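Undergrad: One structure coming up, written as structure tokens, with questions to follow.
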Amino acid sequence: MPSSSSFKHAIVVGLGISGMAAVRLLKSQGYRVTGMDERAGETGAPELFERFIPMICPDTLLEADLIILSPGFDPNRPELKKARLKKIPIIGEMALGLRQLKTPLVAITGTNGKSTVTELIGAMLTASGKKVFTGGNLGLPLCDFVLQGCPADIAILEVSSFQLDTLESFTPDVAVLLNISPDHLDRYPDMAAYTASKARIFKDMKKGIAVLNHGDSQVRAIGEKLPLTIHWYDRENAGIAIREKNLILENGKVLDLSNFPLPGRHNLENLAAAMLAAKAAGATEKGMENAIENFQGLEHRMTPAGSIHGIACYDDSKATNMDAVCRALSAFNREVVLIMGGRDKGGDYKTMEESVRSHARALILMGEASDTIEQALGHMVPCIRAKNMDDAVKKAVQNADAQTPILLSPACSSFDMFRNYKERGMQFREAVARLATEEVLP
């Protein structure tokens, strides 16, 4: 692959956060840049573009020496066919940044837990005295970090399946695969394609370390074929084992996590993965202990969201797939009233039957997927429709009590009613706060 400096005209498709980061880096390297975005009427920085086109034009793409795709743009879309036939390089924003990255790299992927593990690894290495960049799919895009001159000792990148699909050669020093469960089946034709996308994190690695979840059968199957040094977790007698609320470390030490603020067994899995990856990247035992002691978790991931007249409320808006919701439900030893729904991402909600039967008193359904969810789960638990978030929280309160908390854990994307999962979570919290001030419940 020629170096980026040999290209003259780049077209960036999709001008969200990562797309604009790619534009800035390309401009700094002397490119002429055309921007395309079918969802944006204008860009926030028109001076960066030679042209802006509010649609995807296959013939215009043929004018490019390099095409950069934002993660949300499917690389298999037919608009790219002519450009592929002309052998124009088509890569993602992360791939563009990786061309210039000089620091050691830890990469994390998986269906659930990526952001938490990325932040945990970063915190452990920072507490060990290293200057750390954490970003990628989380926080600052890689291209912006490169534009700053890569001011860190090590980069910790969260990598989504969409980003893996548009990488060139990818050789992290440490690669972490957390878990694989149905997700994004509105984009991938089947689970095999989605699983293959996740496995791409290892495709070009000839050496290095893989941190893998032995308790996940699909991850285990991938790991057994890798020619790498493998550090397993959730495995007895090797790596880190998980027993109740304890981690059993490789040296036999028992780490008591009874007071760890992140609930659920899945967060013990996340912590085990982070410890193995951080240690492989140079974290000290003291640094890891300090990071664990001070880590409070990320917003919209099983985050306490206040209470309404003694009814506890939890914001898990980031749970955009079914497995994430099941993991959240398993963290409770009692029933909850579950607020679900949004834009369907594919998959079968019937896979949630056991978790819903065991943990949900009622489902409050909102958004486009309401009919599909009720068809799958309505035979086993009451399903109540809500027209918006305020209505959902009111109806949840009507079905909850002091011993039955309210959990927002949608199993769907947010784009039918909200800008993103963060806005959905904030509207939930605001609705909780408003209802908490009402003397008489609705």
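Any Cβ shown, glycine's included, is placed from N, Cα and C.
For reference, TrEMBL lists these features for the protein:
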{"type": "DOMAIN", "residues": "108-278", "note": "domain 'Mur ligase central'"}
{"type": "BINDING", "residues": "Gly110, Thr111, Asn112, Gly113, Lys114, Ser115, Thr116", "note": "ATP binding site"}
{"type": "DOMAIN", "residues": "300-412", "note": "domain 'Mur ligase C-terminal'"}
Undergrad: Quick check: in three-state DSSP terms, what is Ser115 (ATP binding site)?
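TA: Note: Ser115 (ATP binding site) is helical by DSSP.
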Undergrad: List the residues in the vicinity of the ATP site, defined as same-chain residues other than Gly110, Thr111, Asn112, Gly113, Lys114, Ser115, Thr116 with C-beta within 8 angstroms of the site's C-beta centre.
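TA: Here the nearby residues are Ile108, Val117, Leu178, Asn179, Asn270.
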Undergrad: Average the pLDDT scores across the domain 'Mur ligase central' (108-278) and report the rounded value.
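TA: When the pLDDT values over the domain 'Mur ligase central' (108-278) are averaged, the result is 96.
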Undergrad: Work through the binding-site residues one by one (Gly110, Gly113) and point out the residue whose CB has the fewest other CB atoms within 10 angstroms.
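TA: Taking Gly110, Gly113 as the binding-site residues, the minimal 10 Å Cβ count falls on Gly113.
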Undergrad: For Thr111 (ATP binding site), which residues in the same chain are close in space, meaning a Cβ under 8 Å from its Cβ, but six or more apart along the sequence?
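TA: For Thr111 (ATP binding site), the qualifying residues are Leu178, Asn179, Ile180, Ser181, Pro182, Asp183, Lys198, Asn321, Asp323, Ala324.
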Undergrad: Can you count helix, strand and coil residues in the domain 'Mur ligase C-terminal' (300-412) using DSSP?
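TA: Here the numbers are 38 helix, 31 strand, 44 coil.
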Undergrad: Applying a 10 Å Cβ distance cut-off over all chains shown, what neighbour count does Ser115 (ATP binding site) have?
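TA: Neighbour count, Cβ to Cβ under the 10 Å cut-off: 22.
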